[in-house]
Amino acid sequence: MELAAWCRWGFLLALLPPGIAGTQVCTGTDMKLRLPASPETHLDMLRHLYQGCQVVQGNLELTYVPANASLSFLQDIQEVQGYMLIAHNQVKRVPLQRLRIVRGTQLFEDKYALAVLDNRDPQDNVAASTPGRTPEGLRELQLRSLTEILKGGVLIRGNPQLCYQDMVLWKDVFRKNNQLAPVDIDTNRSRACPPCAPACKDNHCWGESPEDCQILTGTICTSGCARCKGRLPTDCCHEQCAAGCTGPKHSDCLACLHFNHSGICELHCPALVTYNTDTFESMHNPEGRYTFGASCVTTCPYNYLSTEVGSCTLVCPPNNQEVTAEDGTQRCEKCSKPCARVCYGLGMEHLRGARAITSDNVQEFDGCKKIFGSLAFLPESFDGDPSSGIAPLRPEQLQVFETLEEITGYLYISAWPDSLRDLSVFQNLRIIRGRILHDGAYSLTLQGLGIHSLGLRSLRELGSGLALIHRNAHLCFVHTVPWDQLFRNPHQALLHSGNRPEEDLCVSSGLVCNSLCAHGHCWGPGPTQCVNCSHFLRGQECVEECRVWKGLPREYVSDKRCLPCHPECQPQNSSETCFGSEADQCAACAHYKDSSSCVARCPSGVKPDLSYMPIWKYPDEEGICQPCPINCTHSCVDLDERGCPAEQRASPVTFIIATVVGVLLFLILVVVVGILIKRRRQKIRKYTMRRLLQETELVEPLTPSGAMPNQAQMRILKETELRKVKVLGSGAFGTVYKGIWIPDGENVKIPVAIKVLRENTSPKANKEILDEAYVMAGVGSPYVSRLLGICLTSTVQLVTQLMPYGCLLDHVREHRGRLGSQDLLNWCVQIAKGMSYLEDVRLVHRDLAARNVLVKSPNHVKITDFGLARLLDIDETEYHADGGKVPIKWMALESILRRRFTHQSDVWSYGVTVWELMTFGAKPYDGIPAREIPDLLEKGERLPQPPICTIDVYMIMVKCWMIDSECRPRFRELVSEFSRMARDPQRFVVIQNEDLGPSSPMDSTFYRSLLEDDDMGDLVDAEEYLVPQQGFFSPDPTPGTGSTAHRRHRSSSTRSGGGELTLGLEPSEEGPPRSPLAPSEGAGSDVFDGDLAMGVTKGLQSLSPHDLSPLQRYSEDPTLPLPPETDGYVAPLACSPQPEYVNQSEVQPQPPLTPEGPLPPVRPAGATLERPKTLSPGKNGVVKDVFAFGGAVENPEYLVPREGTASPPHPSPAFSPAFDNLYYWDQNSSEQGPPPSNFEGTPTAENPEYLGLDVPV
């Protein structure tokens, strides 16, 4: 027989309890076209399996049935779970008139749910030539109720007598979603078939009679439903119905598509556990059901395992173990720790492909009590396999199965050693569960063996399947076993044939049951093979009586079993010796009695469990143990005549010796401790001296981050060096003054902006303004505002460079009629360069907008306002804000929704800033509340294209506003793009009536207000003072006026390659002007002035044509190629009233050259900014927003004063809305003062552009 026949799994193996829906369920078979193992009992096997069966949980295989066989036991079958095979039969008809559905969970040849093959007469040719003889073979299918095949096709071949197979409309039988439905029908027949009965309107039938007309339930449906009961639109069946219905409800189905729950078709069985939404608990569902095949059952059938997910299975899932309850039900339970090792048999785990038990795998079963799988012994087991090097299995190796008690699969034996006359190696086997069946039908198969008896004396259960015992010529005792007591359902039976006749040969040979076996039931000869004893059982042997009154050892009787008494029990002659097997259940003690137990001797110095105190007892005259008067605990050597410890009297010599020894040990211990202390002190002193001399140890272990050191310089100013001129603005945390910085010991005046905190400001505000100073001090770019210094008075004062033209937003609004395309694109280039520099030093700005860009000159802008800026550490790529008010309309979508700020979120803000410039200061999303911005952005809406922008410029804005931050351009790419556009500005920005002639100097209201102030003349620009240029100061024409004459000169420098250009705005009185191409020795300043410093002068002289020669380095035709050092910047066409401005090609400054005079220390080029060490991580590892301080004092540079406002030393807070900085609202309201009473702008709390991240948007 093939291996597949021995190792096939039986599909489902048990009978449902009769009370479950009244449906009888039976197992199927899995033999395919193989010959039956016992042709003599084959028909009986089919009858036992399918008698009264309605649902076949497996395959219905009808093969090799003779012509005269009665198959009436098939008439109740209504449903087949697997496939149906009718092959090699000689019967004319198969009575399956009630079969409605074939589910096809298993398929014949992996394709067919119905196969009808070679059902013919073996002598078909002889019958055809013999007059009057009708050939045998299948003539009609008569599957008149079959209306559904869920999966699989139809194969009909080799049936010469079969009719009507081509008259069936198979399309109607197949489910519409049956993707695997091949139809292979052979219509070659040797007889003429009559037509369908006239009652068959559609001429589709299964047989000749009117009852065999095919019932159509699919192709006749008019409304597109899967099944229906008629042709009307109202005749549709429920979607959970299969095979048709009698009405529209899911309780009117003839069969269920998925699961049958008490006669109602459902998609799923009710869950065992439900969720209570009121108590938020998982609760047991009293209506829960287990899934068993296509049915919902309250409990799993016997021999099946219930799982936690509500299914009935044959094998537990991984990390689960089988558990048997007291009532016999079995379930799978999850292991609390790694599951215990189990023994696997054939068909399981590593033995899944093994054919039989061999000498190569038999040792794996040593010591096993339960085998998960099956056992099969074939001729090759004992013959060996020389080709694969497997030796024959020796009889003594079979002793490993003597400990076996349970098999979950089947036991198949077709070969056995001749030296063994029985199967006594399985003498302790109690259960064969049969979850896996041989051929899908047999749990126990014994065939062709030379044994004389079975010897399975402990076998008490065959959980499922049939027992087949045949062709064992010497086997007796087959009929002496009560097989009915071993079976668990009525479909089980014993099939036997070809064994030794019991009535003559077995009896005559004395092979009968022992007289002590009850009812003549036994597994073999002798009193040890009885199924049950007629009298008593001692161990494994039946006896007539127990040794209660006589014999040794004495016994007591419990449930007709003879059990021995305890050895310390005294045998009694006229009464029972004991009442149990314990020492306290004796009638009398053989030696002594301690408490209630009989003992061989009384305890003498015995320590009880978990006790360190010994117990001493002695026996009295009656043999009862009594406690000794002295309970010795140690050195118990002297005992009295009773065995108790004698009283110990201490000797003086012993006391003296013990005292002397104790004193000596104490002295030795003192000496040792003293020596150890001295040596320890010497070692400490030695190690201290070595450390002081060498000092090679580090206090902390090195964890280099790879970051560059931040060598920025912080200038500390004295309050006496600062002179406040007028108030520029006030806010909740302080006041911004226009002032003059006069360094000690120098006759120099420098215009500055001074930010002073209020007197009652909290320490947090002082810390935050120092953090802002840290950020500003670390930047060194011509396009980023620079910090000049701080004054550490009682309230910290921040000193920054004064920008005379105010913020870029006000500038473009005021001069919108005079701005050209070149101005706008140059500003875009400079802002992009400034942001690219901030990205290089890992600084996230978070508040880039036109209002936060200051105008130093009409050709030079700088990024400012670092109140919200954040430095990223060396291992950080993004910043997460904790709260605070932020400019919603300038922010990227991920920053609004997830508080995530990166350099790419600054790119979004840059796009909005460019939009502001191109619309001359229009408000983004004007009229739309800030809270609606996230939804608007998620829906894909963006700012519209400005009228002056070409599609090239607008597409760059759109790229900046991509949802995916990685899809946005980098700042270095934006620099390249806008530099390219700046070379040909009118091609990309179209301004109507743009003046192509020389532009006039653009002044501003703010600029004029600064010039009108007193003491603002004869000032020196801050950057010129901090980084003097060689040749900048002209020689003093007269000694008396030399101290101030040079201050009227202004210059501009740009770094190109390694040199620096300077351009004097006024010719020297003593000689020709310095060549503008001459290198400056002051190059390399950390803060590099790359603009044309307009200065706050009282007048500017026009340049001579000779002085304009540096301007010719730029081509008047922007389409011509430019030198690389121009970096895409195009100078104005006519610059006589203005100084030249040249962009620098790289953001990071070059190393400084050695100046002629002393200079303040500067930070090396390329220094990396670091996060302040005082920052501590907050919740979830996110650094708290220590820069959340936001108010007017955050941005003093671009605050525009109101015209005509007086400047008292401490004026009342009457200021422009710009001074209050409407775009900010501080998080901590307790630290703010009351808002100004005469504030004329929009209150900060109502500003729509800024919204707190701590408020859900």
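Every residue, even glycine, has its Cβ placed from backbone N, Cα and C.
Candidates Ser1056, Ser1230, Ser1237 were compared with Swiss-Prot; the annotation phosphoserine appears at Ser1056.
Record note: among 118-131, 496-509, 678-691, 678-691 is the stretch given as motif 'Nuclear localization signal' by Swiss-Prot. Between Cys236 and the candidates Cys221, Cys225, Cys253, Swiss-Prot records a disulfide bond only with Cys225. For Cys335, the disulfide partner named by Swiss-Prot from the candidate list Cys339, Cys343 is Cys339. Looking at Cys296, Cys332, Cys343, the record from Swiss-Prot puts Cys316 in a disulfide bond with Cys332. Per Swiss-Prot, the residue from Cys245, Cys253 that shares a disulphide bond with Cys237 is Cys245. Non-local contacts of Cys53 (disulfide bond) by the CB criterion (under 8 A, 6+ apart in sequence, same chain) comprise Gln24, Val25, Cys26, Asp76, Ile77, His491.
Cys236 (disulfide bond) has a Cβ environment of 20 other Cβ atoms inside 10 Å. Spacing of Cys589 (disulfide bond) relative to Cys245 (disulfide bond) is 80 Å (Cα to Cα, whole number). Taking every protein chain shown into account, Cys196, Cys205, Cys300, Cys335 are the disulfide-bonded residues, and of these the Cβ with the most other Cβ atoms within 10 Å belongs to Cys205. Residues in the motif 'Nuclear localization signal' (678-691) partition by DSSP class (helix H, G, I; strand E, B; coil) as 14 helix, 0 strand, 0 coil. In the three-state DSSP scheme, Cys598 (disulfide bond) is classed as strand.
Each of the disulfide-bonded residues Cys241, Cys269, Cys517 was scored by the number of other CB atoms within 10 Å of its CB, and the largest score is that of Cys241. Residue with the densest Cβ environment among the disulfide-bonded residues Cys253, Cys562, Cys636: Cys253, by other Cβ atoms within 10 Å. The distance from the Cα of Cys245 (disulfide bond) to the Cα of Cys196 (disulfide bond) comes to 25 Å. It is Cys589 that, of the disulfide-bonded residues Cys339, Cys589, has its Cβ surrounded by the most other Cβ atoms within 10 Å.
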